[in-house]
Each structure stands twice: as C-alpha cells, then as structure tokens.
C-alpha cells in the first residue's frame, strides 16, 4: 500500500466488505481490457505496429498512460505491453485495494479504445458532431487554467449514465453551472440535457464527451492539469494521485442502471481520489461509505457530493430571473437570438466606476433612467450608460479601473447576457430568452452591487448603480466618463517600473504549480494576462495574506537585466527554495517561471537572431518546430527555461519587453491573430522605438511560413533589424 492509499484506510468496517461490488468491478475490468485487446489487435493488423497513434492538440501523448506510468505512446506497437501489464494487475482476489487497481486498468483500457477511435481523425472532419467534444485539447485545459487556479471553478463534476428524469437532471446541471463547476457529461445524460435546452459545450465549461469509454476524456483532462500546472513528472503515479486529491476537487455522479464496465471505470475515479455517488438504491454489500454510495434524492445529491469532497462555497446567491455563474462567461448571443443591443458603435454607450464620498451614495440603490427592456420592441438598439458609484474607507482612485474592468466578467456571468469592450467602446446584448425569463435593466445593477461587494470586500463598503438608457443622459454622463478616463490615463502614463518603489508578487497559481512565482510590475502584467500591477495592489489591500504581496524594490544589482536583491530574496522563499534569482528584463538568463496559464509563449530562434511568439489560441506549427501545446509542456510547471517563457499578450507592447535583449525588434515571427490583436498599440511602440510604422509587416507569420527555412528569406528581403543586431546567444 502506498502513502496515498492511506486515505482509504477504515473506509470499510470489518466484516462489511462489499464483495458483490468488488466482483462487479473485477468483471468490468476484465471486459474492458479484453475489449481493448481485441480492438488493438485489429488495429495493428489493419495499420501495422508502426502506425502513429495519439490525440490531436496535446503534448501529453495518451495522457492517462503518460501520467500514471510515463510512457510516450507514439505508435500502435507501443500499446500491447502496456495493456498486458495493466491487465495482469486485475486480480480475482476481491478486496478494496484490488478493486481500485482494476479501476486504474479500466482507465487504461478506455484510453486505448479511445485512441484507436482517433486513428480515423481528420482536423476538417470531427469524429463527433457539435456539441459533443470527445477528447479536449491542451489549449482548452489551459484556457480555463486561471479559473481553476483562483477557484472561480470550485471543482469538477463528472456525470455519467441516464437520469431518472431529464428535468431533474437539468436542474442539477444548472445548479452546478451556477456555482461555477466544470462539468464532464457522458452517455444518455447528454441527450437528456439537450432535450431540456441546457447549453452545453466548451464555451459553457460543460463538456458533453460522448458515450461509454469517452468518459475517459474527463480523466485525461484532469490528469493533464497535474503535469501542465503542477509540474508533476510523467509517471510519478502517487504524486499525481495526491495532486488530484488535493487540487482537482472532483466527484462522480453515476446515474441510472449500473453496468459492470462503468462501475469499473468509476473505481478508476476512486483510485484517483474522487468519490462516486449514485442515484440507485444500493444494498449493503454494494456500498463503501464516502467512496461509493447512494443518494436517491436529486435535491440533495449535489450538496452531499460537495460535502463528501470537501467543497465549501461562500458566494452570494443572487435572486435573478436568469441563471448566473462563470459557466456562461463564454456564451455568444447571435443577432437572431438578440432582444436588445447597446453600444458597439451602434449607439452611444459607456461604463464607469467612480469613487464618491459617504454623503453622495445610498448603499444598494439601483436606478434605471430611460426606457426599460419591457418598454421596447424586440430587436431594438438602445444607448446605455452604466455608472457604478463606490464608497469605501480604503478605496483609492487607482482602484477604479480595476473594479471597472470586472464589469465585463460580472455581466457575462449572466445566462443570456453578453458584454465585450470597456469604457466607452463597450458593446452589450441581451437575449430573447433572458427577456422572456424576466430580465430587466435593474438586474444589471443587482449583479454589480452584489459582485463588487463579494469580490472587493476590503475596499468596497457601499455600491450604488445607475443605468441610463435615455440618450440625452447617456451623452451627458459620457462627458463625465471621458474626463475620468483622461485623468486615469494621465496618472497611468507616469506609472513605470522606475517611478514606483514596490513591485508585487502573484502566487495565485501556486495552488496548481507550487514553485511558480510571478513578479508583477507597472510595465509587466502577469503571464496569465489577468493581473496588472494595480490589480495586485488592490488585491493586497483586499487581503494582506493573499496571493499578491508587496516586494520593496531594494538592493539594485543590475538595472539593465532587471535584478534586485529584494526580489531574489522573496523569490527564494516563495518558490520553496527552488529558485535563487530572476531577471525581469531578459529572456536569456534566469527568466520568470511559467506555470501553465500563460496567454502566449516566446521562444528563441537562434538562426534568425530573434524570438518567435505563439499563443494559446494558435494551434498550428511554429518555427521553433513545436506547437503551443508542445512548448507549453516543456516550460510549464514553475520552472525557469532560459530562451523560453510564458507571457501575457499585453507585455509585448511594454517598454520593458525583454528590454535587455533588444525589445520588440527581436520579434521575427508571431501568428497573424496576435498581430491583429496588438496592431494599433504595436505600431505605436514600433514608432517609439524608431522601427517605423511598417515594422509589424517585417515580422513573419503563418502565411509566410512555419519553419526557419521558410521565414528567413522573408526576413532578409524585408530587412528585419534582428538580423543585424548583436547575437542573441
């Protein structure tokens, strides 16, 4: 027995062994591994042992196998010895330990069966029609990494089988979505939810995986998080199980009639530390308290599952006519589904958070000035102003922009609400469905009052929201907003690394990557792109013991490379004594660590004397010879990798962007989508650096090539400055 397995000690009272359950698991594991063997032999006969095998968009081969035993499975011939070894661990001796090992073997069998399915995969011909996902690629795991790290996603719920009642299942799923859970759904439960018009798919963090063995894609998603963010070494089986138990707070809802293979797969979850709760009545010889047990009441099943897994939520429950939670943040509202639209250059619109005095505010007051949604016809376009007044004893003018940017998140949490942009270039839509359920403009105010207080309790004492839809009032307050924006921008222009005496740490991701430390400065956003210096400063005011700690800028060692003694001292302690020095302004010597939530990766291209940058959203090959996923697997987990580094996208247009290495003049390749995202600011910075307005056109992208040999002639033809700079190495 391993140290991890001690968590199972005492789970079964002496003399109460559920032998019938263990027998079911044994037969299920034998069936699963035998089926995998038959399919594998057929595949080898058809394709040959040297035929490639793997999933798309991952650097982790077959993740269950890579994680638990470390093998880099690349071809069909690699699989028979692995399957034979796992089949041999399925023992006819019926006890809890052997049942868990049989569960692990079932996960291996399911992974092999699914990998064989992907032998027929073509990028332009998905194996499953939307919204079914099948295997979920690394970019999606990383996309939601920061929400897992900061517990916006409080846990993972894996739902398999068929519910007694589709409406009751829809209620369970909506409850879980409202609380922010990541959902993995398999078998007939998917069809039941689609019948009830529950929104499923990657954008809703609710993955309809498919049927039967496709449940393994929940397992290979969770296991990649350990390797991706936690730096768990492939094959470190016990360390990975410990990580899953501590960091990935998952549970399984096993619904409907039991099947021996599904039950064996459920024991794979138990092997990894995830409890299994079923809605079926279970006799005493088929239960294990806290690990495999029955809750027949659908109104209690989620609460008991959360209690069993140790998940406690303290979020404010809003009384809204629509569902509300992070699951809906990625929802799009198409024109045909829209009831009303505001801003987006179609009508005047703005949003503003401003600090007011105690006498200027009535806490909780929400006022709508102008027509409400029920007073306008479907398809209308309205002007909109959102004015959020804040009073707080510790509130500072510098925090206004931090709170204002969260309006985007908070509104998007509403099902049927859509928000993009900020300040006076915001754009909002409300769906027909949300209006039919009773959504009105005052609900915007209720959301903002509650969330501002919940998220910023240390600096926000009172909140008042005014919603303007009267055009004259919108235009009047738009001028007030513009004056505020100008004041902020003037203040921010003076905020540089040189003008402050304090940097901030961000160790939020240490819940996933224990040795990773971000150093956030006025001119360097956190690598997730979500934490600026002002965000970190506000976070510290909210929670002095939180993830963002002030680091006095003391003991300057090298101002060119960006080395300070105080920063190094903090780094050494915060990285669990793993790192001794960080250079903030160079890629080439002791760069910042990378966890796994980064928006982009930069990598040295010595042949071009420069660097390339790729993003989480770009799945294609790069001139480094690696995709984003492969690069991310190489540098993630809290390690320093000179020549490679994860970054937030806006850092690229900072004056401190690898300034010791030559700055933006070193960039020789980046995806076209990144060029488009940064375009105006990048051109402005290029002019500031004396590189000219057309410098962005001298940088190659995927339309020019994806290898050094393809892009080098282009760089030479365009006279790219990196080619004549001092050697980068």
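Every residue number used here counts from 1 along the chain in the order it is shown.
Every residue, even glycine, has its Cβ placed from backbone N, Cα and C.
Summarising the annotation, Swiss-Prot assigns [4Fe-4S] cluster binding site to 506, 509, 518, 528. Cβ neighbour count for residue 506 ([4Fe-4S] cluster binding site): 25 (other Cβ atoms within 10 Å of its Cβ, all protein chains included).
Taken from Swiss-Prot, the feature Ni(2+) 1 binding site applies to 509, 595, 596, 597. With a cut-off of 8 Å between CB atoms and residues at least 6 apart in sequence, the same chain places 142, 145, 146, 149, 229, 509, 527, 528, 646 near residue 597 (Ni(2+) 1 binding site), listed in sequence order. Residue 597 (Ni(2+) 1 binding site) falls within neither a helix nor a strand when secondary structure is assigned with DSSP, and so counts as coil.
Per Swiss-Prot, Ni(2+) 2 binding site is recorded for 595, 596, 597. Its Cβ taken as reference, residue 595 (Ni(2+) 1 binding site) is surrounded by 34 other Cβ atoms within 10 Å in the chains shown.
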Residues near the [4Fe-4S] cluster site, 506, 509, 518, 528 excluded, by Cβ within 8 Å of the Cβ center?
-> 146, 149, 507, 508, 516, 520, 526, 527, 531, 547, 595, 597
If you measure between the CA atoms of residue 596 (Ni(2+) 1 binding site) and residue 518 ([4Fe-4S] cluster binding site) and round to the nearest Å, you get 12
Does DSSP put residue 509 ([4Fe-4S] cluster binding site) in a helix, in a strand, or in coil?
-> helix
Cβ atoms near residue 596 (Ni(2+) 1 binding site) (within 10 Å, other residues, all chains) = 31
Of 509, 518, 528 (the binding-site residues), the residue whose Cβ has the fewest other Cβ atoms within 10 Å | 528
For Ni(2+) 2, what surrounds 595, 596, 597 with a Cβ no more than 8 Å from their Cβ centroid?
-> 142, 145, 146, 149, 228, 229, 509, 512, 513, 516, 527, 528, 594, 598, 636, 646
Between residue 595 (Ni(2+) 1 binding site) and residue 518 ([4Fe-4S] cluster binding site): CA-CA distance (Å) = 9
